[in-house]
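Peer 1: Handing you this structure, nothing more for now.
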Amino acid sequence: MAREFSLPNTRNIGIMAHIDAGKTTTTERILFYTGRVHKIGEVHEGAATMDWMEQEQERGITITSAATTAQWNGHRINIIDTPGHVDFTVEVERSLRVLDGAVTVFDAKGGVEPQTETVWRQADRYGVPRMCYINKMDIMGANFDMCLGQIKSRLGANPVAIQYPIGAEDQFKGMVDLIEMKAIVYTDDLGKTSDSAEIPADLLARCEELRMAMVEAAAEQDEELMMKYLEGEELTNDEIRAALRKGTIDCKLTPVMCGSSYKNKGVQPMLDNVVAYLPSPVDIPAIKGTLPDTEDEVDRPADDNGPFSALAFKIMTDPYVGRLTFFRVYSGVLNSGSYVLNSTKGKRERVGRILQMHANHREEITTVYSGDIAAAVGLKDTTTGDTLCDEKAPVILESMDFPEPVISVAIEPKSKADQDKMGIGLSKLAEEDPTFRTRTDEETGQTIISGMGELHLEIIVDRLKREFKVESNVGAPQVAYRETFRNAAKVEGKFVRQSGGRGQYGHVWVEFAPLEAGQGFQFENKIVGGVVPREYIPAVQAGIEESMKNGVIAGFPLVDIKATIVDGSYHDVDSNEMAFKVAGSLALKEAAKKCGAVLLEPIMKVEVTMPEEYMGDVMGDLNSRRGRIEGMEARANAQVIRAMVPLSEMFGYSTILRSRTQGRGVYSMVIDHYEEVPKFIAEEIIKKSKGE
């Protein structure tokens, strides 16, 4: 089967935003206008096609990023709808990794919200070209100019308005196309028909000002255009579009559009702009990978004739076909029924069937081409972040980094008979979600599950019940504390067992030092003259790393330290790897006494929005939770407080906030950094961990 859409006519885009900015509704409208859905599904009716898990339909939020394909003006647009809730950042992270461009949706009243910032930073990290769509222009308090200002000041972006709204709130009628300088006014409820009209006189001056700024931004992308602009010549509309496209793809600027997806206004112009400004797979740099044997770096450009390479970015268990592996093809072609190599794990896999997904119904296809996103059935060993490639041309593509969980709870089945079923269910859910971990506590024998927040774990427990029919009891949430060293010290680790016969002998001197936050663990070997033979060095490192997992003061992982092995000794007969491994772990225990080990706790960036009359109450409450107020601002008939608060103080906060604000306050939080726990609290935690 030949390609239906050429590579330059393919777009892989994500739709991302803060929770409730209207992402899923926007995607629903795209599917409606591109002819993929005959009836529009509403999120608040629980009928949106992109939200296909039962929990999503009940809660009206998107949890898994459903991938779907749509067609518009001779282009194929593959869309990934990502969740906006902070607990599901993993979904956003993995979507961004396989996208070529994104549309960030803003709430015209809320502007830039905390999760928008988080998602924006994630997209910065992956260098994803973006456009902004200011949605909900029809609601009370909608303010396009405020949003434009915040995108610049809070996100540090270079926003360029290419549209301007006509009216706002219940007077919102359409928008001005600033390139053509024409008004687009909607005449029917479904937004399928629009008229082009003259720009209303009261908006003309502002539109001309924004058009000037747009032309200047376009001219900056190209030297020839800049000369033309400086010499006072008019740039043609095609020149402006081409320059804006270049600036968008180079991440130098971000086109800004507006509309109201719910009221069906602005979605078709947005689709035109996605095609006009966001990159196709051939417009962006080729993906880099390494050769498994030599570790040399190679490029895999988007080309059907190249060797097959793809990245698996999501695993899902489907009630009808079993395990689905979503993957993005970077180069080459794949036919169903063929074998591929999972180069990350070194295993051969057979691709049984290939499905093109449309939210939750699927179409079977026989071939996928470079630049496509599809789902495979039949892969047994492949997990998120693995590379799939041609067996004859192995390559390992850059994978993705996932954040460590910040919260844990103990879980047990309500009936002992379900113990095994629960274990199977949890391990399947952990396969799907790299930020969800499950382990058994060695001391208590309890099953501990960890994730990104209370909602994340709630959904996991809910899925256990629905998908695996296991009812469970859940303990109180526990914070994922960390430990680190404050000071540097040189310590000795010596393990000697010599009582006749073959003994054990391992002896090292190690310098431990604290590192900057987030640097993890570093190990350096400074042994000279072979006082410790080279083959024992990895054993010392392994001994230190294994002991770090269980910490030195309260059983929490030790992070951000450097260990340098500087001296030691060995015995010709009695030394072995095991002895040096033990010596490494003894050195760490010794360091705990001299390096001033301390506890660290996750600090959350919290934003609370409420009517002004509750300000005092809410601030007092945040202060009592060891919160630091960072700032306050008025936002569309409400007050917003920004604060840094330890996660341990935020459990159950939603209930308390509801009662303090009579249900009118909302909050969101994302992890910001780790900080040392105050001494009196640390003492309590250490006592508890020792069972005192």
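Along the chain as shown, residues are numbered 1 onward.
Including glycine, each Cβ sits where the backbone N, Cα and C put it.
Predicted, not measured: the structure shown is a model, and the values here were computed from it.
This is the feature table in Swiss-Prot:
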- 8-282: domain 'tr-type G' (DOMAIN)
- 17-24, 81-85, 135-138: GTP binding site (BINDING)
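If you look at the structure here, what lies around each of the features I listed?
Peer 2: Reduced to three states, the DSSP call for Ala17 (GTP binding site) is strand.
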Peer 1: Just how many other Cβ atoms lie inside 10 Å of the Cβ on Met137 (GTP binding site)?
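Peer 2: Around the Cβ of Met137 (GTP binding site), 28 other Cβ atoms lie within 10 Å.
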Peer 1: Using all protein chains in view, find how many other C-beta atoms are within 10 Å of the C-beta of Ala17 (GTP binding site).
Peer 2: 29
